[in-house]
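Here's the structure we're looking at; comments come further down.
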Amino acid sequence: MLTLGIETSCDETGLSLVDNGQVIAETLASQVEIHSVFGGVVPELASREHLKVLPQLFEILLERSKCSPKDIEVIAVTRGPGLLASLLIGLGFAKGLALSLGKNLIGIDHLLAHLLVTDLEQNLEFPCLGLLVSGGHTHLYLIKSFFEFKLLGKTLDDAIGEAFDKVAKMLNLPYPGGVFIDKLAREGKVDKKMFPRPYIDNTNLDFSFSGIKTAVANYLAMHPEVIFPKAEENAILLANQDVKDMCASLIYALVESLKIKIRRALRLAKVKGLVVAGGVACNSVLRQELRILCEENNLKCWIPSPKLCTDNGIMIAYLGEIFAKAGFKHDLSLDAIPRGRTIPWDFKESM
Ligand code: ATP
Ligand code: MG
Ligand code: FE
């Protein structure tokens, strides 16, 4: 069922065509250069850029796939969570195509798409735990099928990606900083006592990462020499051992707090494995540590290749096709949901 996926929730414009679970073609335009000047995503600029590049990317996608618009059977689009104006650009584009081509429209949850696209490369087995670690979210789900989810825990404040990016900003590293902290940490030595493992002295499955920012700020007040003079990509070549050790210790603390909550969830739910996705799932230490945790618990561990961890159109098309095959669709009143739950709860009403 040839499915077009459209992703415009944040600062990446992604389009893809998927058929029978296989990627036929994809295009992706990143806005990192536009926003890096401001040290974070500027919503107004993001939506304007989506509007500008979507038609061009669609043309490129058709060329690459050798498909014609009338071959498309389903149009899947991110409806949230994300930046409202950016989501509306994607939804408008999707609705225009659905109306003019007379094809089914389907709104997709960006977070579940992050997690479930893992099935494209590795077959997911249910029930499983799903850990979404991204720029805006840190969610722990019990996933019973492609259509049944239970949110077990979430961050009460900053997302884990936000913690990476905010610490990177304090260090004067370029945006988005997670990848630079990851690189620096590779040559660093972990000091387990440098940072607290956030929000573990409780019995719940929620996370909190804002405190670790304060801990880093306190560390930097004592060690101002580790702050980079200029936010340039090659600034990290000037890194001293202290900043490398700090980054390694920061990642240790963040990953340990994830591990503690995952172990806790495993005591409550009997699952076949753990799926980890979202941009922070590119982090090398996180990937390795969560694989070890799964091995120790005789569980499967599914983590997408890094290219599928960050935002892309493939995940929207992939999940869109699965939902369409199961008979779900939306009508043209489909609205953006910038925050909170999007599926599967409202599908039933709109069928
Ligand atoms: P959301 O999916 O919650 O709406 P988003 O789409 O902006 O947010 P993603 O694109 O999934 O987020 O991920 C971006 C985040 O991933 C950024 O915070 C970035 O710093 C982080 N990130 C990317 N690579 C790495 C890495 N190697 N180590 C740690 N963090 C990383
Ligand atoms: Mg992004
Ligand atoms: Fe995302």
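Glycine too: its Cβ is placed from the backbone N, Cα and C atoms.
Remember, TrEMBL labels are computer predictions, not curated facts.
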Candidate sharing the substrate site with Leu132, Val133, Ser134, Gly135, Gly136, Asp165, Gly178, Asp182 (per TrEMBL), from Asn20, Asn240, Asn283, Asn297: Asn283
Residue in Asp311, Asp331, Asp335 which TrEMBL records at the Fe cation site where His110, His114 also bind: Asp311
Contacting binding-site residues, sequence order - Leu132, Ser134, Gly136, Gly178, Asn283, Asp311 vs ligand 3, Cβ under 6 Å: Ser134, Asp311
Rounded distance in angstrom between the Cα atoms of Asp311 (Fe cation binding site) and Ser134 (substrate binding site): 9
Largest CA-to-CA spread of substrate binders Leu132, Val133, Ser134, Gly135, Gly136, Asp165, Gly178, Asp182, Asn283, angstrom: 18
Binding-site residues near ligand 1 among Leu132, Gly178, Asn283 (Cβ under 6 Å): Gly178, Asn283
